[in-house]
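These notes are about the structure you will find just below.
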Amino acid sequence: MSRAVQLAALGLVGFGLPAWAVTLISDVRAQQLIVACAIVSFFGFLGTIYLVPKVAAKTQARGICGKDLNKKGTPAGDKPIPESAGLAPGCVFLLCVICFELLHYYDIGSLVGFVRSGFTGELKTESISEAWLVDYNAALATIGFMLFLGFSDDVLDIRWRVKLILPLFASLPLLVAYSGGTGIALPKPLAALGLPPYLELGILYKVYMVMLGIFCTNSINILAGVNGLEAGQTFIVACAVLLHNLLSVAGWPGWGAGGADAAAARDGHLFSAGLMLPLAATTFGLLVFNWYPSKVFVGDTFTYFAGMTIAVAGILGHFSETLLLFLLPQVFNFVYSLPQLFGIVHCPRHRLPVFDPATGLLRPKDAPDWNLVNLTLQLFGRCGENALCIRLLALQVASCALTFGLRYLLQGYYK
């Protein structure tokens, strides 16, 4: 398949299922907010398309560029590729989220009528809870801080061990402002053993929040090195989380809490959807340039910002267990990489496979690095860079599909 067809297929699947889920929502206000967010996100996609070449030109002019090591020995391998292109979708994402926050102040129906009438007539407002505003602004601050730290890493080339703790500092606004519960609902099998249905963790829950932020941020960063892989996995996870959010808001069988927790769960998923829609749209705009053969590199700017956005959605949406299931390839890659990350096994600067210029195929090193990219080559044999990326993204899709299957089958039995 051509590059355009591959991107079209990915976009169709990624956006098509959430679009179907929107039609299932019976709450008019919620549906209107999601459609409004989708419109804002579409303009975010266009804005990303426009800004990425501008940012790439600036970074390349400042010497922030690199060479594609998976094409070494070919003309493409000698060509400098602009880095830190993730700055464009990151900034556009923040703008989209701010615009979506503004829309919450108004009745969407009256806002549409106000625009259609030439900005005349009555414009109705909606009340917003102070707790929602605090959480939303804390999320904005945390994601913006992580975007800044990621760009700083691209410019300053921060040491790996320091990178691991950067999300700790970015999480501070979220930790300080967090006013939600600090406990977890235990699985029903544990409750049957005499344990309480709800376990209060206190400060340990906030430690867990920090650890989740650190994991999500670094997990995307270390599952990398192939054109389109970082942005591709982010897009798939964002669309899967969005679909999960919309099914929960719609009350689809097997999704959503019941009873007194239903309203809080619905608000949490609506909050998350407001983050995932612009993340998916801006990431897809970046993929237009980052898909094989890549015209730009996303840099740590993108992986840090994207990982923290996903973590914030899971934390404030209160579905971190489901989120970790969506991230099973990242969890496996992180655990599998630990011997190298902690220096037990030699860890080179770039844990990439070897490119053979004669055949155009990638193969693992004689002493393969401990990551999922090289393991895939060991298990399934040599292949081109584009094929390798598609294999890894197919694994991501399979992980998300498995999560939806488990979520449906275990609903009512697990929790």
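Backbone N, Cα and C define each Cβ position, glycine as well.
Among the features that TrEMBL reports, transmembrane segment is placed at 31-52, 87-106, 131-152, 164-185, 205-223, 235-255, 270-292, 304-328, 390-410.
In summary, the transmembrane segment (131-152) lies against the transmembrane segment (304-328): three or more C-beta pairs, each 6 or more positions apart in sequence, are under 8 Å. Between the transmembrane segment (270-292) and the transmembrane segment (205-223), fewer than three CB pairs separated by 6 or more residues in sequence fall under 8 Å, so the two stretches do not touch. For the transmembrane segment (87-106), the residues of the chain that approach it from at least six positions outside its boundaries are 33, 36-37, 40-41, 43-44, 47-48, 51-52, 54-55, 59, 123-126, 128, 132, 136, 139-140, 143-144, 147, 150-151, 274-275, 278-279, 281-283, 285-286, 299, 301-302, 305, 309, judged by C-beta separation under 8 angstroms.
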